[in-house]
Amino acid sequence: MTKWVYSFGGGKAEGRADMKNLLGGKGANLAEMSNLGIPVPPGFTISTEVCTYYYANGETYPQTLKDEVMAALSQVEEDIGLKFGSTADPLLVSVRSGARASMPGMMDTILNLGLNDKSVEGLAKRSNDARFAYDSYRRFIQMYSNVVLGVDHHNFEEILDEVKEDKGVSLDTDLDAADLKKVVAKYKDKVAEQLGKPFPQDVHEQLWGAVGAVFGSWMNQRAITYRRLHDIPAEWGTAVNVQSMVFGNMGSDCSTGVCFTRNPSTGENEFYGEFLVNAQGEDVVAGIRTPQQLTLAGKNAQSSDLPAMEECMPEVFKELNAIRHKLEAHYKDMQDMEFTVQQNRLWMLQTRTGKRTTKAALKIAVDMAREGLITRKDAIKRIDPASLDQLLHPTLDPKAPRKILGRGLPASPGAASGKVVFSAEEAEDWVNNRKEKVILVRIETSPEDIGGMHVSEGILTTRGGMTSHAAVVARGMGTPCVAGAGEIRVDYAAKTIKVAGQVVKEGDIITLDGSTGEVFIGAVATIQPELTGDFGTLMEWVDTIRTLKVRANAETPLDAATARKFGAEGIGLCRTEHMFFDPKRIIAMREMILAETEKGRRAALAKLLPFQRQDFIELFEIMQGLPVTIRLLDPPLHEFLPNSEAEIAEVAKEAGVEPAVVKARNTALHENNPMLGHRGCRLGITYPEIYEMQARAIFEAAVHVSRETGRTVVPEIMIPLVGAKKELDLMKACIDKEAEAVFAEQKYSVKYMVGTMIELPRAALLAGEIAKTGEFFSFGTNDLTQTTFGMSRDDSGPFLEVYRAKGIYEHDPFASLDQAGVGELIRIAAERGRATRAGLKLGICGEHGGDPASIHFCQGAGLDYVSCSPYRVPIARLAAAQAALGGSSSSGTA
Ligand code: PEP
Ligand code: MG
């Protein structure tokens, strides 16, 4: 026969901490504390299976439930020496929800249950405080009527206000027992008037009403939404905890509070908490009275005048501190506890794993491993990789004053201040010539803005989402970005931004918080990230565990240096096209595109060669012999040509041609689907001279650095968008020829590899063939996702939202790898590729390379490395270590 009810209290319990699925988090921990001999007000938990039964059987209960509840209730009465419904010694209970995962504030709670016209007198006598008794009763009527009977709060608020007004007072505390008796009478009349029947006096009816309301609240809209946002399945159900009430508001020898076994904001191993004398739990949370500190150290740190518990309740404090040590040693993690002291007697009401800042999480994990409480592996598993982001960028000083201007999406983390400019050219001018710090404000950005974006401290756009150009580029550069701040109006002509009557002009200072999406007027002080200390220690441990290598996507010297600082073990993707947007180079690039003949193109490419060579020399030098994967030109050529009349005229002038020529070339290059058009190796097939120049620049740079430094430099040259072996054959032949020529000229040679990106489904399926030529594969999962789904990475944002809301795809497949579809292609390609070429080196360089769930997948698929933007390198290192340790990884799309 199924057991539905589990008792706890009096130093024993039927449940345990590891029964969370059955008893919910709260119930399981109450049981565990009881078993540990910690004082817990006696009570019982109605299991989550009852909730499941309730919904599966037309909102009815299992047959034996009533008897089990009655037996458990008698046990509580015996343990505490009070009687439910008694006039003399009434037992009052709280009825609370408790799901497997914490869902704060989402479901219903009822306190002081068991009060009626008779038992209230008993409570008055027992507490020797009629005011307290009637105040408890009126609170109970209000809560119960609202939660269980559906009578709106405002009915009760109005009555309370009336009584206060009649008496000529403004505070609840100015009402005495007689006044509160009046309030109770009026409350009951109101309930009868609203419902056509009296407020229930039968305490058992009250109890079952409350239990039903808690189960019912599992399906309220708030809870449903919360579950959807936090991936909590509806089948889990909630438990119901019925527990004897203890009172922290029965006099000056009573109190209530919350505490943590360690400081949750710094992680310091110090007892941390607050309490209020003569108060109920909700008073601490409501923040009406200033709470007192538990410890003297806390009191001094806060410069508080109020006595610490350590001073004013020393015995209770000693007991609480002992419980703190006991619980932390038992759970082996920082605990967040709630307690109540009733007439100098301490009762623990809750313990759970405490929430903490990322900084505290690192300190606690490292300290606990050093203390021997947990292993280093446990410490690694405890840190959420994504949370490290908070530590890697400057953040706003929490103490600094600030004035909000507006809000957008938190597109790229970190905080920055600077003077407002409205174009990329101005940004470069202000930074390079005036030595100013700027924030680039645009409606949206485009590839042409790269230079200005690079020099800006932060980027603010009013249009576009998390994968807009501004967001992706800013994340890559580690520049704070707030995107899609729709309430902010940008006027390029007037050079102003306006929000709700506030105007900011060009040159005014603003501050962005790219971690929250907030924009502030003026400069707000920031704090620099700390990469040593606990962070450094944990990262050292991480590197001893992981088997996946972590590289970075980087093309500028700054990106490469940042990547090294964050521990990258090479460059997994250098997108060479980003090197052509520099003002000095774009001219030659456009000349090449505008050229009519191969000869003309070669002449323009010859101008680009020295720039490219110098780029690669710098990259090889910074990477000091670590592998560098260089991808040859990928995007469609029209991306390098201007659009506006003014720019077209300018380019025509530079190139010495008529504007009509530029326009004609623009028209000729126009494509309906540029992402599926003339790009990737298709450029190299049609214009081999482009790839020849790039290959030459790479070899000349490699020879130079190898000769100068004596270090081995092994460039990995990567061909984009390959779909057929023949494409790769042709491109490899062209590269090999260039290598031979350079090595002969220089009388010096280096080793090199030629490989391919796998970013088309055809390439994945024919990987066995392609691996005959390709010496390594790198999965370009941005394009592979786009081509597998047949869904543009630039245009899918708006409808993907709808798809996710309708549950068609659980995650954005461009952010977290679609393991079922795209992942299957990766598995196939890895297997077929390695069947042809044993030990074929496999990596991933799409945005997914920095996503923890995708990294788990890469570990399972047998990849050698992941490559991600420099600022994600530490996140990837930690995620890779967690993947090596096994355990859960969220499952990706679909
Ligand atoms: C990819 O497609 O995943 C990739 C890394 O290349 P890009 O984003 O430059 O197209
Ligand atoms: Mg690509």
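For all residues, glycine too, the Cβ spot is worked out from N, Cα and C.
On a predicted model such as this, the values are computed, not experimentally measured, just so you know.
Among the features that TrEMBL reports, active site, tele-phosphohistidine intermediate is placed at His469. DSSP gives His469 (active site, tele-phosphohistidine intermediate) a helix state.
Here TrEMBL flags Cys845 as active site, proton donor. Listed in sequence order, Arg551, Asn553, Gly572, Leu573, Thr629, Met757, Ser778, Phe779, Gly780, Thr781, Ser867 are the same-chain residues six or more apart from Cys845 (active site, proton donor) with CB atoms under 8 A from its CB.
Cβ neighbours of Asn782 (substrate binding site) (same chain, under 8 Å, six or more residues apart in sequence): Glu759, Arg793, Phe814, Gly846, Glu847. The substrate binding site feature in TrEMBL is assigned to Arg575, Arg631, Glu759, Gly780, Thr781, Asn782, Asp783.
Within its own chain, Asp783 (substrate binding site) has Met675, Leu721, Met757, Glu759, Leu760, Arg793, Gly846 as residues 6 or more apart in sequence whose C-beta sits under 8 angstroms from its own. Marked as Mg(2+) binding site by TrEMBL: Glu759, Asp783.
Same-chain residues lying 6 or more positions outside the domain 'Pyruvate phosphate dikinase AMP/ATP-binding' (21-58) and placing a CB less than 8 Å from one of its CB atoms are 2-15, 65, 69, 72-73, 75-76, 79-80, 93, 96-102, 211, 215, 218-219, 235-246, 323, 326-327, 330, 345-352. Feature annotation from TrEMBL assigns domain 'Pyruvate phosphate dikinase AMP/ATP-binding' to 21-58 (among others).
Positions annotated as domain 'Pyruvate phosphate dikinase AMP/ATP-binding' by TrEMBL: 64-301 (among others).
Annotated domain 'Pyruvate phosphate dikinase AMP/ATP-binding' per TrEMBL: 317-371 (among others), in sequence order. Looking just at the domain 'Pyruvate phosphate dikinase AMP/ATP-binding' (317-371), the mean pLDDT is 95.
According to DSSP, the secondary structure content of the domain 'PEP-utilising enzyme mobile' (435-517) in residues is 18 helix, 28 strand, 37 coil. What TrEMBL records for 435-517 is domain 'PEP-utilising enzyme mobile'.
Annotated domain 'PEP-utilising enzyme C-terminal' per TrEMBL: 532-883, in sequence order.
Residues of the domain 'Pyruvate phosphate dikinase AMP/ATP-binding' (317-371) grouped by DSSP class, helix first, strand second and coil last, total 29 helix, 17 strand, 9 coil. Cα to Cα, Arg631 (substrate binding site) and His469 (active site, tele-phosphohistidine intermediate) are separated by 20 Å. In this view, His469 (active site, tele-phosphohistidine intermediate) is surrounded by 19 other Cβ atoms within 10 Å of its Cβ, with every protein chain counted.
Taken residue by residue with DSSP, Gly780 (substrate binding site) is part of neither helix nor strand, so it is coil. Same-chain residues at least 6 positions away in sequence with a Cβ under 8 Å from that of Arg575 (substrate binding site) are, in sequence order, Asn553, Glu555, Arg631, Asp634. Across the domain 'Pyruvate phosphate dikinase AMP/ATP-binding' (21-58), DSSP helix (H, G, I), strand (E, B) and coil residues number 24 helix, 4 strand, 10 coil. Taking every listed stretch (64-301, 435-517, 532-883) in turn, the largest tally of C-beta pairs under 8 A with the domain 'Pyruvate phosphate dikinase AMP/ATP-binding' (317-371) is reached by 64-301.
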